[in-house]
Structures are given as structure tokens and as C-alpha cells.
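Annotated features in TrEMBL:
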TRANSMEM  B:20-39  transmembrane segment
TRANSMEM  B:51-71  transmembrane segment
TRANSMEM  B:77-96  transmembrane segment
TRANSMEM  B:131-154  transmembrane segment
TRANSMEM  B:161-179  transmembrane segment
TRANSMEM  B:209-227  transmembrane segment
TRANSMEM  B:260-278  transmembrane segment
TRANSMEM  B:298-321  transmembrane segment
TRANSMEM  B:333-350  transmembrane segment
Amino acid sequence: MRAVPIPEAMLEPAFDPAGAARDAIGAGLRAEKGLNVRHGTILTLEGINVSFDGFKALTDLNLYIGVGELRCIIGPNGAGKTTMMDVITGKTRPDSGMAYFGETLDLTHMSEVQIAQSGIGRKFQKPTVFEALSVFENLELAQKTNKSVWASLRAKMTGEQRDRIDEVLTTIRLETARQRPAGLLSHGQKQFLEIGMLLMQDPQLLLLDEPVAGMTDAETEFTAQLFKSLARKHSLMVVEHDMGFVGSIADHVTVLHQGSVLAEGSLNEVQADERVIEVYLGR
Amino acid sequence: MTMPLNQTVLARTSARLGPRVSIALGGLILLILIAMPLLHMLPADNSLHLSAYTLTLVGKILCYAVVALALDLVWGYAGLLSLGHGLFFALGGYAMGMYLMRETAGDGLPAFMSFLAWNELPWYWYGTSNFLWAMCLVVLAPGLLALVFGFFAFRSRIKGVYFSIMTQALTFAGMLLFFRNETGFGGNNGFTDFKRILGFDITAPATRAALFLATVALLVGSLLLGWKLARSKFGRVLTALRDAENRLMFCGYDPRGYKLFIWVLSAVLCGLAGALYVPQVGIINPSEMSPTNSIEAAVWVALGGRGTLIGPILGAGMVNGMKSWFTVAFPEYWLFALGALFILVTLYLPKGVVGLLKRGEKS
């Protein structure tokens, strides 16, 4: 495996429910260690429970994502898809349960920043880019590099980094818009820019929340190709409602219902499952 | 590009012309600012002599311009609206004032302490007769306060209007504290009646000229620093932080360190401005910490143009120029005029005067 930075603090888990006071402000130093994925599982969620004021968003959720896998998550509204992503990225703390990235990184004790630095990238449901900055600058900020305050104060871009940005610009088909402020892009272009930012970040696990919402058919098809080319080198977890899109990319589909896994398997298997038809396809 | 050719050419010429005009204009203003103290040093009967009143007024406005620039770094770039920057300004001013009081009192106690029948200096006055230590305090007092406040505020992810309210409360608390005689900073009278600075007569034309030049240097230095920061990757991270903090966190940046750095830097710049303000104006008292002062500073920035470097300086100059004219011509209407100005800017000039100039250049 490629070397992935792990926050030094993570090597010794200590009691810290919020995970907030762990890292010293702005230090941003990381030990260079490889992500331990001995058993071929990049993400392990076991017995996750989350409730908001008595409403159970996730109940005893178990989910495993393999290295290099492209997994699609489907499920009716309120099934807990976004909450699950929040748990993985540290935005929401589970009431109970285990969440491991690789074999050793306990996600429930890491801050959002640490999780991002350790190699999990996330694309939001609503495309979120830095609107005042140009497309090029958006990609520059996302690139994989030292992200501490001091490093940013002295940062100078190397030719190699420039080439990498150009490469990603070509991949997401925004070469001609490189100097345009990101706020002026169309909805679909913003989606692609955000995907491009994830590529710059070069995470091992990509979480994509409804990536093709608002895209044209041609753009959707292109996204499907892009994701398929990313799988194997990266692991992807895609939440999507568009069944056509899911069918075109996924080798493995998980159906969530009322906060836990209802069914798992290929799209055809899942679609043939009686319970899934009942709750999701609504027949 | 989709832009029509003639428009592209126009945009290019104005892009080439724009900086040249602003550099020439900036250079001219700098020359005038350097000439002013020299004109003040001419004998009083010379027709070119500049009065102490004018020099002090402009010096004061230059100090305010540094505050506006410092506030813009946190508000315009990082999106943190502080309504308590007057506190940092006043702390720098008080630190300088302590030195000036000691220098004036010589070996004795400052006058207000004898008045209170105190017979020894409180511990925190220790060493303030030393100019260098006083200069350290100018930086340390606002810097440490900002560091501690910012550390907890940013760690608790306080932002938006809650952050503004807390900074406002902080400066109000500071004002109440400094109003008390027991605090040891002269109560509501504050410090005044300074005589000497570094052994020089504080009202001598040469001293005034030197203080004025130091203020010009501080403003130019702050401007250069701001320019460097805004052009660096750090500046782009701040802009990103303002627009989409969540996205930035999921890119792997820790926003707290960035906010804290710019917040403390801004406070220190305010402290330095306060330290140069006090010897020129000749007084510092707790009313400098009053919430309205800090709000006024936000008006300067909003009027001039947030997120630009030159905007807040223009804003501070314009509002204070108007203020000194208004308070002579129609003293009772100044606050109404200020309020009306703020409403007009918010409604019609969301990008301030600089935004207006840029729009004019494009059309």
C-alpha cells in the first residue's frame, strides 16, 4: 500500500469523547505511517447507534467496505445514509459502536480534520466549493500537502504540483475555466470541481453523497466512467438515488432502511429481494 | 474565451493601466504624508507651516486606518466580524500611556496614584519606566488577550453573530474594568498630561513629526504585510474558510490555527496603532473601549470595502474626515449622519467604495 499519514496522537487512544482537544491548534504535524489494511477491509462499522433527541437515526449498523471496492448505498429518505457519512467523517459521534478506518484508526476518537488528513475524502450532497477562489486555486488548496499554518505561509507551488493540477483539470474537463471564479460555474461544473478537489486530496476512501444530482445525462455517463476508473486504486462509497447510475457503476449495493442494513449484494439480487421491494421500491 | 474581442482588449488595457494609476496615486499620497511633518517643523510664521492641530488630526486618522486594516484582515478575509477591536487598540494605548506617565512623573508616582493616596506602584506597573519593556507590553497585552480569547472561542467553534456579540461583550467588560479606580489605570480620567517621551518634549514639533512618521511607517508596513498575506496560500485558505469552512475541514485543514493566527496578528496591529495614537492625541481613557468605537471601526471597513486592502484605509480616512468636519459644523447630527451612512452603504454599496471604483473602471 501507499504510505498514508496518520496523526501521531492516534497511536495511543486516550479518553476524549469529543476528539477536539487532541491535536494542538494549528500544529498539523503527522507521522508518516502506512494505513494498516491487513484483512482487506478499509472501513469497518460495527453496531453503530446514533439517536437525535430520541429519534434513532442509525440502529446497530454493520457495514464493511473492502479495499478498492466501489460500493453504492441506496435507501429511502431518512434511512440514515447522510448520518452514516457524518459518523465516518467525524461530524457526528455515535452513541455506541465501532468505526475503524483500516485496522487501527478508531474514527470515533478522531476529529474531522484528522480523519480528512488520514485519507478519507467527502463530497457533500450540495456541491460545496470555495466560490471566491478560481478553479485552479480551489484545486491548489485541496492538494495533498502539509496543511499547517506555517506551511501555508511559506508555500510555493512546485512544477510537479502544477502538472498534477493540470492533469486533474483535464480529467474533470475544466481546463478552459481554470481562472474563472468557482462561484460562476454551472451546477454540474461545481459537482465536477468538487470531485476534482477530492482527486487532488488523493484519499484512500472517497465518500460521495449524490454525486450526479443535477447533472445532464452526458455528464452522468462521464461521471460513471470516472468512478469506475478510480475504483481499485481507491475505495469508493457512493450514496445515490439514480438507479440507472447505480446499475452502471456498482458491483456491490447496500440497502439501508431505518438506520440499519436491509440487504446487500449485486443490484439484481437486491432488486429481487422481497423486503427491499416492500420498503424501497414500494410495491 | 467568450468575451468579445474589443471588451477583452479594454479589460487588458485597464488591467495594465489600473495598477499603474493606483501605484502613482499611492506614491503621491505617501509623499504628501512624508512632507506633512516636515512642513510642521517650519517656523510658525512661514506660510507653508502646518499647524499641530492638522498634523495630530491626520496622525490620529492614520492610526485609525491601521485599525481598519487590522479589522479587515479578520472580517473581510477570514469572515470573523469583531466588534471589540477597540479593546486591543486601547490596551496598546494604555501600555504606551503607562510608560509616558512614568517618564513624566520621573522618580515619583504618577499623579493620579498620589491623588488616590497610594504609596507604591501596583505590581503590573513594574518595569514600565523602561521604554523597551513598555513596547513589549504594547504587543503582549493585546496579543495574549486575543490568543486566550481566540483559543477558546475557535475551539468551541463560535462563529457568526455569536462571535461578534462575544467580542462586543469583551470590550464592554474591559471598559467597566478600566473605569474602576482600583484597577490602577487612572479610572475614568485615564492617563493624560504627558510631558516627555524618551527624554524629548512631547509637544515639540520634531517629536510630533517623528511620531507622525512612525505612524506612516506602521501603516505602510501593515499594508505590505496584508498584501503579502493576501497573496500567499495562507490568504487563500482564509478566503476559503470564510466561504466554506466545512469543505476546508474535509480538505484536511484545521481552521482553528488559521483563525487564531490572523486574529492575534490583527490584535497586535491594533495595539501598535493604539500605542502611536496616545502620544499624538495626548490622552487615553476607558471610553476608547466603549462598544460604539469598535462598531465605528466596522463602519470604516464596510464603507471602504471588505476583503480589499486599500478599502478599509479609504473608509477610515473618509469617515473620520467627515467626522471632524461634522463635529465642528453640526456637532449634534454626527451620529445620525454615521447611522445613515452605514444604512446607505449596506443597501447600495455592499462592496464599499472600492467596489464602486472597480465597477466604474469596468463600464
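In case you wondered, yes, glycine gets a Cβ from its N, Cα and C as well.
Note that the structure is a prediction, hence the values are computed from the model and not measured.
When Cβ-Cβ distances below 8 Å are used as the criterion, the transmembrane segment (B:298-321) is approached by residues 22, 60-61, 64-65, 67-69, 71-72, 75-77, 81-83, 219, 223, 226-227, 230, 239, 338, 341-342, 345-346, 349, 351-355 of the same chain, each at least six residues removed from its ends.
Contact count against the transmembrane segment (B:131-154) (Cβ pairs under 8 Å) is highest for B:260-278, out of B:20-39, B:260-278, B:333-350. Counting Cβ pairs closer than 8 Å to the transmembrane segment (B:209-227), the top stretch among B:20-39, B:77-96, B:260-278, B:333-350 is B:20-39. Beyond the transmembrane segment (B:333-350), the same-chain residues lying 6 or more positions past its ends with a Cβ under 8 Å from any Cβ of the stretch are 296, 299, 302-303, 319, 322-323, 326-327, 356.
If you look at the transmembrane segment (B:20-39), the same-chain residues 6 or more away from its ends with a CB under 8 A from one of its CBs are 48-50, 54-55, 58, 62, 208-210, 212-213, 216, 220, 310.
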